[in-house]
Structures are given as C-alpha cells and as structure tokens.
Amino acid sequence: IIPASKTILIKKNTFHSSFTFVELFYGVWTNSLGLISDGFHMFFDCSALVMGLFAALMSRWKATRTFSYGYGRVEILSGFINGLFLVVIAFFVFIEAVARILDPPEIDTAMLTPVSVGGLIVNLVGICAFSHAHSHGPSRGNCNSHDHGHSHHGHSHGHSHSDHGHSHHGHSHGSTGGGMNANMRGVFLHVLADTLGSVGVIISTILIQQFGWLIADPLCSLFIAVLIFLSVIPLLKDSCQVLLLRVPLENERELRVALEKIQKIDGLISFRDPHFWRHSASIVAGTIHVQVMSDVVEQRVIQQVTSFLKDAGVNNLTVQVEKEEYFQHMSGLSTGFNDVLVMTKQMDSVTYYKDRTYIM
C-alpha cells in the first residue's frame with residue numbers, strides 16, 4: 001500500500017517529467033546553457049525522486065534471516081547516491097559554464113522567458129508538494145521494547161530492542177538523527193537546486209534582453225553549479241559518517257556520560273569494545289562487553305547498562321556480560337588472572353580522541 005504522502009510525490013514526479021522535455025527542447029533551440037542544464041537537472045531530479053520513493057518503500061520491508069537488520073539503510077544509501085548525482089551535475093555544468101565564459105555564444109531569448117518562468121512554477125509546485133508530503137508523512141510513535149539475557153559458560157548476553165519513530169533522548173544537533181532523513185534530504189536538494197536553476201535562467205534572460213550581456217547565461221550557470229556543490233556537501237558528509245558506522249554525533253556526549261556511569265556500577269570490573277552506530281534515521285544500535293565479579297547477578301547489570309545507554313539514545317543494544325570464571329579460563333592464554341584483571345582495569349584510564357580512537 002502506497003502512503004498518501006508518497007502518492008503526492010508520484011504525481012509531482014509525473015508533472016516534472018512532462019516539463020523536462022520542454023526545457024531540453026527549447027534549451028537546444030535557443031542555445032541557452034542555463035535552460036539545458038536546468039532541463040538535465042530536472043531529469044535527474046525525476047530519477048532521484050523515483051529512487052527515493054523506491055528506497056522509502058523498501059525501508060518498510062520486514063527484516064529477513066539474510067538481512068537481519070532490515071532495509072532501513074537503503075534510505076541512507078539512496079541519499080548518498082543522490083548526493084553523488086548532484087556532484088556530477090554540478091561538475092559538468094561548471095566545466096561547460098567556464099568554456100562559455102571564455103567564448104560566449106549567441107543566444108535566442110525569444111522563448112527563454114516563458115519557458116524559464118514555466119520551469120520555475122513547476123519547481124515551486126514541486127517544493128510545495130514535497131513539503132506537504134513530508135509534513136503529513138507517516139509517523140511511528142509507538143514504542144515496543146524488550147530485554148532478555150542468558151548465561152552460558154561464564155557469559156551472559158543481554159539484548160534490548162526498541163523502535164521509536166522519533167528520538168526522545170538527548171538533543172539532536174545533526175541532520176541524520178531526526179526530521180528529514182538522508183534519502184528525503186537528497187530528493188529535496190535536487191528539487192531546491194532545480195528551482196535555483198530556473199531562477200538563474202530568468203535572471204540571465206533579463207540581463208541578455210536588456211543589456212545584451214551574453215556572458216550572463218554562463219555566469220548564472222556557474223553560480224548555480226557552485227550552489228549545488230556547496231549544498232550537497234553536508235548530505236554526503238552525514239551519509240558517509242552513517243555508512244562508515246561513526247558514533248552518532250548527536251548522541252556522542254550522552255554516550256560518553258553513559259559509559260562513565262557504567263564504569264561505576266557495583267560489582268563491575270571494567271568494560272570493553274563499546275560500539276555504537278546509527279543504523280537508520282530512527283535506530284541507534286550498540287554492543288558492549290562488561291566484566292563483572294562472580295557474585296554479581298548478571299540480569300541486574302544488564303538492566304543497569306541498558307538503562308544508561310537507552311537514556312543516551314541507544315534503542316537497539318546487545319550487552320555481553322563476562323564473569324571472573326571467564327578470566328580464569330582465559331588465564332591459560334595469559335600469565336595469570338591478576339594480569340588480565342589489571343589489563344581490564346586500565347580501561348578506567350582510557351583517553352578518547354575526537355575520532356573515537358583511544359590510548360590506555
């Protein structure tokens with residue numbers, strides 16, 4: 001079933017597609033780089049929207065045994081690909097604009113004004129449709145969570161899963177943590193850059209008609225190419241950070257505080273291998289190993305660790321608890337239990353750097 005918000009975007013895409021060929025035809029006829037680049041950009045805009053819609057629908061598919069985390073990351077990947085499309089568009093428009101600045105060609109402005117104004121109207125309608133679809137999109141406000149753990153040969157594994165449509169922990173300072181996800185940001189940047197292209201064509205047409213400045217057409221195209229490139233940098237940066245499993249920027253401070261609280265849990269010797277990453281726009285996943293004394297109740301530790309990290313924004317957590325017997329078992333691979341114990345206690349003096357590397 002296609003949501004109403006997605007239906008609006010499909011209608012908008014059909015409307016855009018019909019005008020793409022009009023701009024390309026008159027762009028070639030009038031020899032206007034601005035109109036040609038705007039037409040090609042509108043074509044890529046339609047392609048980006050198709051890919052974005054497919055990614056949004058695909059992200060709703062249920063997890064399978066093969067894709068156990070589900071398909072939530074498809075939207076992030078789609079946003080990254082859309083960002084790359086924009087970079088390619090900006091690059092080729094920039095190169096062609098520089099060539100035309102050096103040798104401005106003759107331009108027929110007879111049909112430029114009505115076609116460029118028509119393109120602007122189409123793009124403004126597209127922005128309104130996009131904003132309406134985003135503001136009325138489906139929201140998942142329910143919260144389903146459960147914790148469980150089990151012991152096996154000195155190990156206890158706890159798992160906490162909760163699905164939140166919106167994050168209620170901490171404060172978001174990044175763009176991937178809430179609001180518009182990377183996929184929809186990529187589509188929106190396409191539409192916005194397309195609108196700027198139409199504005200640029202109108203301005204260059206007026207300058208050519210009133211003052212005969214043929215160089216205005218490539219200059220406007222050059223300016224638009226730079227704007228497109230600058231606008232897509234944050235999208236590519238955020239998407240790359242998510243794809244590279246960076247600690248979520250908006251949860252970084254809260255996670256550091258949570259780890260400090262975990263270190264102070266009664267009966268806890270140390271912790272190691274804390275890994276936290278954003279899986280999708282609404283899911284922050286994490287894993288952590290904690291070492292505890294023999295007389296500690298594992299489920300109590302799991303509950304405390306889960307509570308601290310959940311408050312920090314982690315809503316899909318795996319906790320592995322290792323007891324002293326495990327260290328005694330591992331002593332065969334080391335010089336003794338005391339050495340292993342000292343090694344783990346050194347984690348208390350870990351110094352973290354901004355890139356999440358650390359020294360002991």
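Here the Cβ of each residue, glycine as well, is placed from N, Cα and C on the backbone.
Residues annotated as compositional bias 'Basic residues' in TrEMBL: 149-159. According to TrEMBL, the domain 'Cation efflux protein transmembrane' annotation covers 19-244. Annotated region 'Disordered' per TrEMBL: 140-176, in sequence order. What TrEMBL lists as transmembrane segment is 39-58, 79-99, 111-130, 187-208, 214-236.
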Counting only CB pairs under 8 A, let me know which of 79-99, 111-130, 187-208 has the most with the transmembrane segment (214-236).
79-99
Report, as numbers and ranges, every residue of the chain located at least six residues beyond the transmembrane segment (79-99) whose Cβ falls under 8 Å of a Cβ in that stretch; write 'none' if there are none.
33, 37, 40-41, 44, 47-48, 51-52, 181-187, 189-190, 193, 218-219, 221-222, 224-226, 228-229, 231-232, 235-236, 239-240, 243
